[in-house]
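Trainee: Mind looking over this structure? Questions follow.
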Amino acid sequence: MEETEEELRPCKICGRTFFPATLKKHVPICQKTSVKKRKTFESSRQRAEGTDINTVKPVKPRPEPPKKQSNWKRKHEEFIATIRSAKGISQILKEGGELPPPPPPSYDPDYVQCPYCQRRFNQNAADRHINFCKEQSARMGQKIKGGTDPKRKPTVRPQYKPPSLKTDSPAAVSSPASRLPQPPNFGKPTSGIPSGKSVANSGAPGNKYQTQSPAHKNSTMVTSPQAGGALKARTPPSLVKNPSSGTSFNKRKTYNAENNARPEAAMGYDSSDYSKPLNDGHIRAADNNMSGQLTKFCHECGTKYPVEWAKFCCECGVRRMVL
């Protein structure tokens, strides 16, 4: 083994060891390779030889973009400052002090600012946006020079308005009594206690109750002693004019036996009071100083007056009628 090691000799160019016979062949080849660089072998060209396939040009490798320096330290400091400011604001809100001014906005230095709209974009987005923003700003400038303001709102088209409803003339305005809320059994013939308003034949004076105001009713329905004498209480005018007719009366509100018993028991009235005349059938009206007889039931809604000296109905508010 020692003899073989002594026989090996190193090459002066590459430093490798060879036998003396092999070294003589290696030295001239090593000198050529050191002077002239070896070409890279392209297997694609070798496979394409003898065929119709065109030799593809080798793709040049793209230069690697320079690596950006990481700004992790600056981002870390901004994050810590944001957390501290949030804690300070929460403490001030608990104590009730004045809020400090907001911190200045932080910008990413890697972003590119647009010279037209002053916004910031990534490098790839900025390359597309700046060209578009440049053309848009040029168009807007031409519109302003032409006299059109882009910020001005467009003119609004006139909207169609429907015609207003026709109002009734003062002569056709209904009386206050007709505007009052009516009970559900309004206009239905019922049987029960007779009301002050009676149903008369067509052409009779009793039809004036539905077309005239309460004040006009009082002036037209007062009977004088010379004309026919005062009627007794609770005697309907229709029975006096037509004693043979047994028709039911048109009332605003129906009463049953239970409803009639409650107000009498509460107010202390007796059923015998309905047939007795009040002050011999004559009382003096407080407002117009005319002698007449007061009704015990409202001629509008049929509600019984709770007291003898009531001037208005407690349900519908219509003035009490004097017969």
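Start at 1 and count along the chain as shown; that gives each residue its number.
Backbone N, Cα and C atoms are what each Cβ position is placed from, and that goes for glycine too.
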Trainee: When you get a sec, could you say which of 110-139, 290-319 is annotated zinc finger by Swiss-Prot?
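Mentor: Within the set 110-139, 290-319, Swiss-Prot attaches zinc finger to 110-139.
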Trainee: Counting distance between Cα atoms, which of the binding-site residues Cys117, His129, Cys133 is nearest Cys30 (Zn(2+) 1 binding site)?
Mentor: His129
Trainee: Among Cys11, Cys14, His26, these being the binding-site residues, pick the one whose CA is nearest to that of Cys114 (Zn(2+) 2 binding site).
Mentor: Cys14
Trainee: What is the number of other Cβ atoms found within 10 Å of the Cβ of Cys133 (Zn(2+) 2 binding site)?
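Mentor: Excluding its own Cβ, Cys133 (Zn(2+) 2 binding site) sees 17 Cβ atoms within 10 Å.
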Trainee: I'd like the number of other C-beta atoms within 10 A of the C-beta of Cys117 (Zn(2+) 2 binding site), please.
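Mentor: For Cys117 (Zn(2+) 2 binding site), the count of other Cβ atoms within 10 Å is 13.
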Trainee: Using a Cβ-Cβ cut-off of under 8 Å, list the residues of the same chain that are 6+ residues beyond the ends of the zinc finger (110-139) and lie near it.
Mentor: 68, 71
